[in-house]
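Participant: Would you mind keeping the following structure in view while I ask a few things?
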């Protein structure tokens, strides 16, 4: 065992042996039985540090209380400490997270981080700007409503004051009304009273159909005595005049003829024909009596302002505070946005978990499947090949053209064909994400410019001016004049209204993204782009880390790969020999025949007929048989045991060296 350790089987081991002290080198690459206590302590420290890092990467973003964070963190770090102390698989998985972070899982983590940056940057900025513009609209609507209320109050306030003054003077108005009713009672008694006449034998007074007829009948009844007395006095006058006329003229017969007009006492009855009463007196009295009766009732006044319910527009009552309604709506949207942010944080933790599970899965497959990721020409692979060359056995290096497609040289910077597809897929993912980011940033920039244009060109100044003066003069001291002064005189009001305002406080204030927002988005994008380039080398690094923790397993894998390639080389040679014996010409043979005339001018292009690789003229081996034009490269000629597969029988040209390198036992 000590002899083997003198020849390191990996480049990492060779470098560490040169630069590290001997005890440190033995601690890292020596048997596990050495430095057991130091290994346990180092593993525990490594597990504790890695557990703390994993906790902050996985669980810390999950919503929990402080006490729960402390309890879960202590338990998690304790488990990781135990894993680092006793499990090489755990330590290897933790270290493999670093190259895995550069691979596809790291890109996924950064993609979620970019999405989080987009949400915190342009998406949140768009939401803020839209909310600010909506709030500006709400503020302008509130301002318009306030101005409308002021103008409406300016128009209605005089009428409200009039009604209020009437309400305040209702008691005085009631007294005036009662005074009017008391004064009108005399008129009512005169018209409707049953005095001044003898009702016996006056049926016409009780059978009148209207106030007009009743008043005329009562007037006649009240005036009947006066009329009768006048008639009697008229008749007495005629009688006296008759006697005087007869005494004056004493000639018989002549005196009768001359004094006969004194007998016209029937003319006294003409006073009964008509009493002077206005024809519309009854109707006028009825209306006036009805008005006085209503005025005499208990007079009350109440000021009632009726507010009509405004129909909601778009679910919002415009007479209410529109800004408060918008604030409530945006608070609900903000709560939803916070939930989305929590989901993104959870996805970040989940993505970090996938990185760890990917690293753990790699180690598990590495230890179980001997073919998994076993395609590298390692230092130990070269050592085996060099040992076989010294033993003059069949070897593999340099590789054939067909073999270079399946094996990877980890020290070459060029990307192998089998490693190219993940790189292309990664670039497509980054390009699509970058396109989405550019579109979102463009939308945010366009909206910002539009909102800024609105802010700069929508400033408005409002000027509301009103002058109102009413002066109604009612003269006189009559009952009607006093009533009118109590009612119409209340309209004597004066008001001056002058307000200057603007929508400066309602203008939107859009925000643009700052430099840190762009850096939060583009730095992860650039890292994703670099990861696409470095993914190939990080995948190669995974095998190096795993081989450090499992050196024996790595040795078995390399031996298996080398022996498998030897078997493939033998099978390849046999297939090529069978193909060369086929009379059908290959493309290389045809091309060699076409380019044969170039030999005359000293320029000749040669290809190996077995591996079909280009061969320099000083390294080409031509068959020495007469008439044979086969050309071989040095390695193929050695693999054929220096025998031309065309000139000799099949059983003689087939490779005979089938020995495998079996330094240790390997299994699948």
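Residue numbers in this text run from 1 along the chain shown.
Note that Cβ sites are derived from N, Cα and C of the backbone, with glycine treated the same way.
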Participant: Looking at the candidate ranges 420-443, 444-467, 468-491, 492-515, report the one that TrEMBL labels transmembrane segment.
Facilitator: 420-443
Participant: Looking at 3-24, 69-90, which stretch does TrEMBL describe as transmembrane segment?
Facilitator: 69-90
Participant: Summarise the domain 'E3 ubiquitin-protein ligase DCST1-like C-terminal' (607-649) as counts of helix, strand and coil residues per DSSP.
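Facilitator: Per DSSP, the residues of the domain 'E3 ubiquitin-protein ligase DCST1-like C-terminal' (607-649) fall into 6 helix, 7 strand, 30 coil.
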Participant: So what's near the transmembrane segment (343-363) in sequence-distant terms, Cβ-Cβ under 8 Å and 6+ beyond its ends?
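Facilitator: Contacts with the transmembrane segment (343-363): 54, 57-59, 61-62, 89, 92-97, 100-101, 103, 105-106, 108-109, 112-113, 115-116, 119, 373, 542, 546, 549.
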